[in-house]
Amino acid sequence: MADTMHGGEEHTRRDFLYLAAAATGGVGAAVALWPFVSSMNPAADTLALASVEVDLAPIQPGQAIKVMWRGKPVFIRNRTEDEVKQAQAVGLAELIDPQTDADRVKAGKENWLVLVGVCTHLGCIPLGTNSGEAKGDFGGWFCPCHGSHYDGSGRIRKGPAPKNLQVPEYAFLTDTRVKIG
Amino acid sequence: MRRLRTLILAGVLGLTGAAGALAAGDAPVPPAQEWSHGGVNSPFSMFKTFDRASLQRGFQVYKEVCSACHSMDLLAYRNLEEIGFTEEEVKAIAAQYEIQDKTPNDQGELVTRPGIPADHFKNPFPNKQAAAAANNGKAPPDLSLIVKARSHHEDYIYALLTGYAEAPADHPVPEGTYYNKYFPGHAIAMAPPIYPDGITYGDGTKATVEQQAKDVTTFLAWAAEPHLESRRQTGIMVMLFLVVFAGLMYAAKRRVWADAH
Amino acid sequence: MAHAPTSSFKNPVVNWIDQRLPVFTMMQKEYGTFPTPRNFNYFWNFGALAMFVLATMIVSGVVLAMQYTAHTSLAFTSVERIMRDVNWGWMLRYIHANGASMFFIVVYIHILRGFLYGSYKKPRELLWILGVVIFLLMMATAFMGYVLPWGQMSFWGATVITNLFSAVPVVGESIVTLLWGGFSVDNPTLNRFFALHFLLPFVIFAVVFLHVAALHITGSNNPLGIEPKGPQDTLPFHPYYTTKDLFGLSLFLIFFAFFVFFAPNYLGHPDNYIPADPLVTPAHIVPEWYFLPFYGILRSITFNIGLPFSDVVLIDAKLGGVIAMFASILIWVLMPWLDRSPVKSYRFRPIYKWWVLMLVVSFAMLMYAGGKPAEQPYVLVGQVGTFLYFLFFLGLPVISSFERPLPLPASIAQPVLGGGRVGAVAAAKPMEKA
């Protein structure tokens, strides 16, 4: 009787030992795998370029520029007063992706429109930044791939794109200098 | 069996010893110095870290003295945050340099602009040929990896910087070179780079030749192995884990084998 | 053939798969119940360790390849970008670089095990030859991998080793041009070395599979070198040798981790942290430590071999060195036939025991001489080492013919358990079931 008891205890202890060894090994292997996966995330040099600073001084009203940010173009347009007024006048009911112009610019800097220049449909680059390019039916941008029209606030008005042109995270460092990202 | 094990052990030790012995060269062996981080290649300095103040002083020596001729292409200004400079200080340091963009602008010109933290250290010469032409035909080596690229590592760099002397009568050196005790062949093209109080340290440390040599070597050691500290910290965790795991596996193996004998 | 095999696994999914593709039955047969001699010592851990290192090298190599650029102008900086900017890149690269050294340490011990215990002998000749093939592939892979960082040693090592082929009469120069894809080691060379360095490990993996398959046909050798005579001589692979291999692995990992985390450049050469420069040769070109013995043999042939009493040179020193170096490995293939002794294990072979020690000593001498400058007395050490090395193989038929082996035990179980304790194992058996 006593012998059986002893055998049972022995077994419990043994099972615990095997379990502990297996669990330790398993956890160790899983943790060791992490650096291999993590190495595929953006490296430090890539992250260092995750934000860019842009000097706005040379951009005249009515003009726009393209800058590269995180491998994608960013459109920066210095809108004329008329363009700002037009954009503000659009009623939300007319919009596919309703958003006011004020939500898409910084207060007090309404003339500056900063957009990620990637069509929200399938990732093409819309036309309309350089002078002479087709601006679409709404005076903003026009995506030649599948015919999406964006207005003077970068909002989708016509065509297959589901969303407005994305506004990146940005901040004014001075009156003529922005930091994107 | 025991003899066999001893033999294998001796073999393994012998070959690692052989690899170590390879490092020996012609010039005298530089004397070993005390390093706050124990040396980039020192295997038993698990708990040692870089002296931050010395690193920052060392950067000052590089910036004010070495960088006139020596590039450090592999370092970016942003890396300086790792040795204790703030983001703002790094921005200010980077902005002191005029960096030429790698890609042309819309007009096809390569414009220069103030540096940003993501830029790599500005090379004093536009290319290797220009560096060689300005230095009697031999380009000064890039210093990014110099501590790992020389036998005896930190000790050698320190010995070289402090090893200038009058050429002995029986060993004259050619025109345009300088006698150095620790340089292979003793005739080095680099003029003695550091002088007592040649620079003024921001933190008030007295700028002796030894102090400057020590600081700049520490800085160069960090530049060559910037992840030294995290490497050692990770290593300690890994070792602790492995010792526990080995203990558990030993116990488990003993249990399994208990009924086989 | 016509009948689907019947499986009896508890898990229905496992059962379903197994009836259609009996991978689980195979795993259980080859790694579960596989009868394994009960008397292995720790020498028998090194096969499993080699397999582990191969897997580690492939996994770390694949993630490094995602960051590496095989171009002469970018290779060095891309490696340094891995070391500085890529998340955990320094660790992955140090694992891979030191992993190569670990692979050779493990495999050298594994090979020594084969020499000591006669694992090359009938019926394991093909198993042994496949092992030699793996070793040759490893050497090629390691050599090409060392070129990739494009440091000074990478470049000059590649130049020296590829130039070996110029020793081949008549077509030598053409072979070298073909290897280079140009007129010197340059960008085309780097590119093809990268491609081959990526490919060859998978070839190694395939040959390892054959190596293990052949092992499981003949069964393992063991320290006594006598074949198991019945179930009392063997243990199921699992859990006995799985736990033992894992314990061995945990110790090996401590050794490996020490190098990766605390001495990652100890086995490397400082010159490889200088970018490759085709205009400046390092003062002293040495290969990685694991190639030193063979490099030592290469450099030991400093004399021409010609017709006696004439000036006719048959093999010049350069070709002689190359032939000797390749012969020093290829001669391993002949081991099963050079050794004529009917006994496998060195334990029962009074002369072979010392003979194999001579091989180890010559190997150590060559490793020492290979790492030293080509001057006296190192050249002499290398030459004596070369002589002893080849003496081991060429003298083996003679010594194994007249050697009188010691009496062999009746079975594996007998010496392990001792005469009187045979009953003890029978008593232990029911416990296993409980």
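Here the Cβ of each residue, glycine as well, is placed from N, Cα and C on the backbone.
The transmembrane segment annotation in TrEMBL covers C:42-70, C:90-115, C:127-148, C:154-181, C:193-214, C:246-268, C:319-339, C:351-371, C:377-399. Per TrEMBL, heme b b562 binding site is recorded for C:HIS96, C:HIS197. Summarising the annotation, TrEMBL assigns ubiquinone binding site to C:HIS216. If you look up TrEMBL, you'll see C:227-410 marked as domain 'Cytochrome b/b6 C-terminal region profile'.
C:HIS197 (heme b b562 binding site) has a Cβ environment of 21 other Cβ atoms inside 10 Å. Cα to Cα, C:HIS96 (heme b b562 binding site) and the residue listed as 'ubiquinone binding site' are separated by 30 Å. For the residue listed as 'ubiquinone binding site', the count of additional Cβ atoms within 10 Å of its Cβ stands at 14 [all protein chains shown]. Of all the Cβ atoms in the protein chains shown, 19 others lie within 10 Å of the Cβ of C:HIS96 (heme b b562 binding site).
The list of residues near the transmembrane segment (C:90-115) in space but at least 6 beyond its ends in sequence, with Cβ under 8 angstroms from a Cβ of it, reads 43-44, 46-47, 49-50, 53-54, 56-57, 60-61, 63-64, 79, 82-84, 128, 131, 134-135, 138, 142, 145-146, 252, 255-256, 259-261, 264, 267-268, 288-290, 335, 356, 359-360. Among residues of the same chain six or more beyond the transmembrane segment (C:154-181), those with a C-beta under 8 A of the stretch's C-beta atoms are 143, 146-148, 188-189, 191-193, 272, 276-278, 281-282, 285, 287, 298, 316, 318-319, 321-322, 325. Under the criterion of 3 or more C-beta pairs below 8 Å, with sequence separation of 6 or more, the transmembrane segment (C:319-339) and the transmembrane segment (C:193-214) do not qualify as touching, having fewer than 3 such pairs. Taking every recorded stretch in C:42-70, C:127-148, C:246-268, C:377-399 and counting its Cβ pairs under 8 Å to the transmembrane segment (C:193-214), the highest total belongs to C:127-148. Cα-Cα distance from the residue listed as 'ubiquinone binding site' to C:HIS197 (heme b b562 binding site): 29 Å (rounded to the nearest whole number).
Panel annotation: around the transmembrane segment (C:377-399), residues 293, 296-297, 299-302, 324, 327-328, 331, 334-335, 338-340, 351-352, 355-356, 358-359, 361-363, 365-366, 368-370 of the same chain, lying at least six beyond its termini, place a Cβ under 8 Å from a Cβ of the stretch.
Mapped onto three states, the DSSP output places C:HIS96 (heme b b562 binding site) in helix.
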